[in-house]
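Working notes for the structure below.
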Amino acid sequence: MIAVPTGAAAAPRGPIPFYKHLYVQVLVAIAAGILLGHFYPELGTQLKPLGDAFIKLVKMIIAPVIFLTVATGIAGMTDMKKVGRVAGKAMIYFLTFSTLALIIGLIVANVVQPGAGMHIDPASLDPKAVANYAAKAHEQTITGFLSNIIPTTIVGAFADGDILQVLFFSVLFGIALALVGDKGKPVTDFLHVLTAPVFKLVSILMKAAPIGAFGAMAFTIGKYGIGSIANLALLIGTFYLTALLFVLVVLGAVARYNGFSILALIRYIKEELLLVLGTSSSEAALPALMDKMEKAGCKRSVVGLVIPTGYSFNLDGTNIYMTLAALFIAQATDIPLSLSDQILLLLVAMLSSKGAAGITGAGFITLAATLSVVPAVPVAGMALILGIDRFMSECRALTNLVGNAVATIVVARWENELDTDKLAAAMNGTPVVTDLVPQLEPAE
């Protein structure tokens, strides 16, 4: 845990004005971005660099945060079997709920049939519109994905900001530190000291979140327009409702069984959720989410393994989107899918979805990878949803974030690495001291 200053500097402050809370600032920025993008679309599209710059700032610090959290967490473990046990339980959880999300997407698409009645001729679709996504999808093979987890060089993993490569090295380095015993203690102590300024840097960067959210939202509305979603509103509405029900019912049941409320958890991570809403990237909230989960009572070793891994293997929102969108395309182009076709789609999606990263557009590329293997559904049909994918990206990212927060608490509980008193305090709204949440350190 990060050391908290004591003495006069840590004296309790008075009530913080509501406008100094990060979630209020991000919410206002999102609203302002929507208005500017709607009334001044040309100006809105020119603000894209603001959102891109903020995402790059956060990505800059993700690799050090993961390395420090994972390496110090594992180095503190005396039982190396525990590392494998935590990873194994996390993967079982990921596989179970990712598959469930895919199945729910299939069921909802068959019941609601959002694409029925559109009667689109597949031959009339422009394959060039999705050619770039399809090309990237073909590059994303299972073998290539697995081999890419191993970095060519340590420096390359950090320079590229590849989450899985950094995680892979961090786990090995943490195990090595634990195995050398007292000889590794100076290195471990140094990493613990280094954690404080790195996490303080994240706190500083998070203060720019409203600017990033404003620019990203202004660009989205300015480029695509609110009216562009009207024709495909049923698909968007179906997806949002399905994701909401998945969070409240499925994840809600998991949360209740494990001793906490899903609504309380959502309230606890509201700043991170609003940040994701503004940027369409769950990756933007990764450092702050890791800190929040640790402050909520989950041991650092569990947080460091579960959350970064979950960003590639536990994407519930992306999974719902994939099967729902695939069946929408089939329905819109009047292509009937038999039960065997849908089972094949499910099996392929189970594999292809495991390589999706928490960045904007990754879900669309993963969908292209899935459809390229399923012959019944034309990849060119993705042109139907290309214009609205950005509006669905927010929901995917939000659902993914909540899913990984739930997974972290559940795995920590399974491993008896959960401080239930801290969890109860966090869920009840008791202030939790953290270096990463700006509302506890208001701007001057």
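Every residue, even glycine, has its Cβ placed from backbone N, Cα and C.
If you check Swiss-Prot, you get these features:
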| type | residues | note |
| --- | --- | --- |
| TRANSMEM | 21-41 | transmembrane segment |
| TRANSMEM | 57-77 | transmembrane segment |
| TRANSMEM | 92-112 | transmembrane segment |
| TRANSMEM | 161-181 | transmembrane segment |
| TRANSMEM | 201-221 | transmembrane segment |
| TRANSMEM | 234-254 | transmembrane segment |
| TRANSMEM | 320-340 | transmembrane segment |
| TRANSMEM | 345-365 | transmembrane segment |
| TRANSMEM | 368-388 | transmembrane segment |
Tertiary contacts of the transmembrane segment (57-77) (same chain, 6+ residues out, Cβ under 8 Å): 83, 157-158, 161, 163, 166-167, 169-171, 173-175, 177-178, 184, 188, 191-192, 194-195, 198-199, 201-202, 205, 208, 212, 283-284, 286-287, 290, 294, 299-305, 308
Selection from 21-41, 161-181, 201-221, 320-340, the stretch that has most Cβ pairs under 8 A to the transmembrane segment (234-254): 320-340
Chain residues outside the transmembrane segment (92-112) and at least six past its termini with a C-beta under 8 angstroms from it: 234, 238, 242, 246, 250-251, 254, 309-310, 313-317, 319-324, 326-328, 331, 342, 345-346, 349-350, 353-354, 403, 407, 410-411
